[in-house]
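Quick look at what Swiss-Prot annotates:
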{"type": "REGION", "residues": "1-527", "note": "region 'Interaction with TP53'"}
{"type": "REGION", "residues": "1-214", "note": "region 'Interaction with BIRC2'"}
{"type": "REGION", "residues": "9-231", "note": "region 'Interaction with NR3C1'"}
{"type": "REGION", "residues": "215-552", "note": "region 'Interaction with AHSA1'"}
{"type": "REGION", "residues": "222-270", "note": "region 'Disordered'"}
{"type": "COMPBIAS", "residues": "225-244", "note": "compositional bias 'Acidic residues'"}
{"type": "MOD_RES", "residues": "SER255", "note": "phosphoserine"}
{"type": "REGION", "residues": "264-608", "note": "region 'Interaction with NR3C1'"}
{"type": "MOD_RES", "residues": "THR297", "note": "phosphothreonine"}
{"type": "MOD_RES", "residues": "TYR301", "note": "phosphotyrosine"}
{"type": "MOD_RES", "residues": "TYR305", "note": "phosphotyrosine"}
{"type": "MOD_RES", "residues": "SER307", "note": "phosphoserine"}
{"type": "CARBOHYD", "residues": "SER434", "note": "O-linked glycosylation site"}
{"type": "MOD_RES", "residues": "LYS435", "note": "N6-acetyllysine"}
{"type": "MOD_RES", "residues": "SER445", "note": "phosphoserine"}
{"type": "CARBOHYD", "residues": "SER452", "note": "O-linked glycosylation site"}
{"type": "MOD_RES", "residues": "LYS531", "note": "N6-succinyllysine"}
{"type": "MOD_RES", "residues": "LYS574", "note": "N6-methylated lysine"}
{"type": "MOD_RES", "residues": "LYS577", "note": "N6-succinyllysine"}
{"type": "MOD_RES", "residues": "SER669", "note": "phosphoserine"}
{"type": "REGION", "residues": "695-724", "note": "region 'Disordered'"}
{"type": "MOD_RES", "residues": "SER718", "note": "phosphoserine"}
{"type": "MOTIF", "residues": "720-724", "note": "motif 'TPR repeat-binding'"}
Amino acid sequence: MPEEVHHGEEEVETFAFQAEIAQLMSLIINTFYSNKEIFLRELISNASDALDKIRYESLTDPSKLDSGKELKIDIIPNPQERTLTLVDTGIGMTKADLINNLGTIAKSGTKAFMEALQAGADISMIGQFGVGFYSAYLVAEKVVVITKHNDDEQYAWESSAGGSFTVRADHGEPIGRGTKVILHLKEDQTEYLEERRVKEVVKKHSQFIGYPITLYLEKEREKEISDDEAEEEKGEKEEEDKDDEEKPKIEDVGSDEEDDSGKDKKKKTKKIKEKYIDQEELNKTKPIWTRNPDDITQEEYGEFYKSLTNDWEDHLAVKHFSVEGQLEFRALLFIPRRAPFDLFENKKKKNNIKLYVRRVFIMDSCDELIPEYLNFIRGVVDSEDLPLNISREMLQQSKILKVIRKNIVKKCLELFSELAEDKENYKKFYEAFSKNLKLGIHEDSTNRRRLSELLRYHTSQSGDEMTSLSEYVSRMKETQKSIYYITGESKEQVANSAFVERVRKRGFEVVYMTEPIDEYCVQQLKEFDGKSLVSVTKEGLELPEDEEEKKKMEESKAKFENLCKLMKEILDKKVEKVTISNRLVSSPCCIVTSTYGWTANMERIMKAQALRDNSTMGYMMAKKHLEINPDHPIVETLRQKAEADKNDKAVKDLVVLLFETALLSSGFSLEDPQTHSNRIYRMIKLGLGIDEDEVAAEEPSAAVPDEIPPLEGDEDASRMEEVD
């Protein structure tokens, strides 16, 4: 039974907190939390809920607002009293509500929240468990709640968290309707009385609450006034103070005459300090996403974007939409101008899309809301259907969220397509976020086709401009069945590559893919617009050819068959096979890879991975094919030499040298570059006419025991067969 104490006419009742609530308060008061600021968010959120309730009731019964039409939240710091007061004109609480809601009936979330806290959850999740009010004790030693409901008298609730609270009828200043929460702050929490700190917390957590939040501050300003004005001021001030105590009014008898007679004289002035109450609305940026997109200017979107992201630049593009029907939500999505430096740092929590439920902020890093490849998109999603107390675990299972995610991805792709029509801006977008689009092609099979339309590449015919795959297809020759591409390190490198010689000479366009992620992208993007994507660096490249060309190719195959066999014998396991090439024009040979193996570029990328899987490296790298150019004089002369004497040591040496050089020109790395270099140096010496034996005789100390013997040496040939 509550204790009853009689204070004159006032009846004060004391109640014990329900055990779980007492335990929760003890936990809040006695544990150190770094982000105490969330108490303000919780109290504002509660005020907003109370305002939502009265607004909802007034829809069916407008007279409910007779006790106060204005729906608002006021914040009043009082440094002299060390109190921070929050006032709302919401629905208020009856005496029974006050006793039940603030202490005697535990919410279902109380126990769950304590368990979560003890398991390491953040205190900021308190609101999700419906016990946000108690976060006031993070900063306050005593809390007083004065409340007035339309159906009851005005009551005051008070507690210093000692296991009990009191409730009494309140005969102080009438508040009309709503709730006033007065926090008596702890000595070390006075920062929440500072204008800067309150504004900072409201901006961070509550700037998009749907009701005006006004900060009331007592300020001083200097006022310059003439002496006679000073007298007037004094008179006015005394008039104002008359309510408090009767004071004689000062009259300036004859001041008018003095004024008139002294018009030409310079008036004496003095500065006085006057106190005034400054009112500032802290959330002027109303939830912009709830408004009609047609009524919002680009400047307003820009302001909202900057306040949301703290970016100093304007956004590049914006998509504002709402979805209605079985599911209702609104979203406002922005593309920034630049990619953040840590765009693909997985360990860093991204807070790009803020999730609201009916205008109340829920969380700012909701991974389930958007796929990773769109992690650069900034904005807000406001759902009407999700429950307010939703937790991260529930989000992962939520069907509603899956539908929202699907819609967001769809709208993002629409936004990119719209942006693609503006060449200048799309160029900026593509420079910043092309990796994301390519990652999307790798990961998102559903939207792969739409994403592929957004890709832009340099090609052998596009010059300095980048071109889309659609434009490439529109320029294809009638006989051309495939889209030809080459991957590599730079545009210059791939443009001068031996692989593109014949393709370009025949007038076919080649797409230049020069980013490491392109390799992953084309593994998934097998075709575009019904045309298969074919790498010019892999085996089986088929170029459209007429009967004459086919006949010539057959003749070359027969003519060079023996040389191919010999080269395969010499190179042994280094290559899978040696064939005649249909892709070379001016280069003597090149190394191609098998259709499903890695390209040279992919091999380079994989070797650079710090955490690579060596077992995969083995079988993906192994398949190399040497292709020789039948029209090249080096190859023709080598064929003649081999036919004259297939055991000629020079032939073996030249075959290995050709192979190693082809490895380099095809983008591979050598396993033993030193041996290759020594061979080249010998060739240079031969070219310069330097006698190897003379040099060795002059510098006996420099002779290394296992130095490579002269080019024609027997040993050298056998040694070269072992070297890759």
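Positions of Cβ are set from backbone N, Cα and C atoms, glycine also.
Taking the Cα atom of each, SER452 (O-linked glycosylation site) and SER445 (phosphoserine) are about 11 angstrom apart. The recorded positions near SER669 (phosphoserine), taking a 10 angstroms Cα-Cα threshold over the set THR297, SER434, LYS435, SER445, LYS531, amount to none. The number of other CB atoms found within 10 A of the CB of LYS574 (N6-methylated lysine), across every protein chain shown, is 20. When Cβ atoms from all protein chains are considered, those within 10 Å of SER452 (O-linked glycosylation site) total 22, not counting its own. Within 10 Å of the Cα of TYR305 (phosphotyrosine), not one of the modified residues from the list THR297, LYS435, LYS531, LYS574, LYS577 places its own Cα. Between the modified residues LYS435, LYS531, LYS577, LYS435 has the most other Cβ atoms inside 10 Å of its own Cβ, all protein chains included. For SER434 (O-linked glycosylation site), the nearest neighbour among the modified residues THR297, LYS531, LYS574, judged by Cα separation, is LYS531. Ranking the recorded positions THR297, SER434, SER445, SER669 by the number of CB atoms within 10 A of their own CB puts SER434 at the top. Taking every protein chain shown into account, TYR301, TYR305 are the modified residues, and of these the Cβ with the most other Cβ atoms within 10 Å belongs to TYR305. The closest partner of THR297 (phosphothreonine) among the modified residues, by CA position, is LYS435; the full candidate set was LYS435, SER445, LYS531, LYS574. Using CA atoms as reference points, the modified residues LYS435, SER445, LYS531, LYS574, LYS577 were checked against TYR301 (phosphotyrosine), and the closest is LYS435. Taking LYS435, SER445, LYS574, LYS577 as the modified residues under consideration, the smallest Cα distance to LYS531 (N6-succinyllysine) is found for SER445. Rounded to the nearest whole angstrom, the C-alpha distance between LYS435 (N6-acetyllysine) and LYS577 (N6-succinyllysine) is 36.
SER445 (phosphoserine) sits 37 Å from LYS574 (N6-methylated lysine), taking the C-alpha atoms as the reference points. DSSP gives LYS435 (N6-acetyllysine) a helix state.
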